[in-house]
């Protein structure tokens with residue numbers, strides 16, 4: 001069985017508008033153009049997984065159940081729109097979290113733990129896959145593993161742009177996920193027009 005091309009996505013600030021410690025369905029709002037962009041990427045042969053830090057759980061702002069309820073809502077809503085999220089990998093921990101959530105772990109970005117799980121579970125073709133995030137910490141683990149990185153200027157992206165440029169990550173920097181979908185579409189068109 002061949003390897004699979006994936007677009008790995010951070011959630012807050014990439015799929016949805018960044019709102020501090022989002023966990024309520026009523027507060028959820030897609031970033032502009034994200035649905036059309038994900039459809040274009042799917043049409044280009046990409047599958048999707050979400051890799052997200054959810055330190056609000058560890059810090060006691062909301063529960064794992066709250067997070068999972070919102071995540072289920074997002075996945076069902078995207079599915080109704082023709083977009084399948086294969087799986088959401090999340091880290092509930094925080095170095096200053098409460099109880100069992102207080103830990104330094106490898107699943108919290110910039111750790112690679114959840115990336116390695118996704119790569120193994122879905123036989124991801126790392127050379128032909130991308131990670132899209134709005135923070136340098138979203139991109140560092142992907143870069144370490146050989147996955148191409150994309151910084152969007154939505155969410156915290158504008159604040160992280162200089163850090164990313166100075167880091168040597170060689171990231172693609174775009175205004176939003178729609179611009180990235182157009183970039184991929186143009187790359188494919190150029191390949192087939194040769």
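Please read every residue number as a count from 1 along the shown chain.
Using the three backbone atoms N, Cα and C, a Cβ is placed for every residue, glycine included.
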Key: Co-listed Mg(2+)-binding residue [TrEMBL; alongside 10, 12] among 134, 170, 179   = 134
Inquiry  = Around residue 109 (site 'Stabilizes the phosphoryl group'), which of the listed recorded positions (12, 91, 134) come within 10 Å, judging by Cα atoms?
reply    = 91
Task = Anything within 10 Å of residue 52 (site 'Stabilizes the phosphoryl group')? Look among the recorded positions 10, 12, 91, 93, 105, 134, comparing CA atoms, and list what you find.
result = 10, 12, 91
Request  = Starting from the Cβ centroid of 10, 12, 134, the recorded Mg(2+) site, name every other residue in that chain with its Cβ within 8 Å, sequence order please.
outcome  = 11, 13, 14, 15, 18, 52, 133, 135, 138, 154, 155, 156
Task = Specify the count of other C-beta atoms within 10 Å of the C-beta of residue 93 (Zn(2+) binding site).
result = 22
Close binding-site residues near residue 12 (active site, proton donor), where close means Cα within 10 Å, chosen from 91, 93, 107, 134 = 134
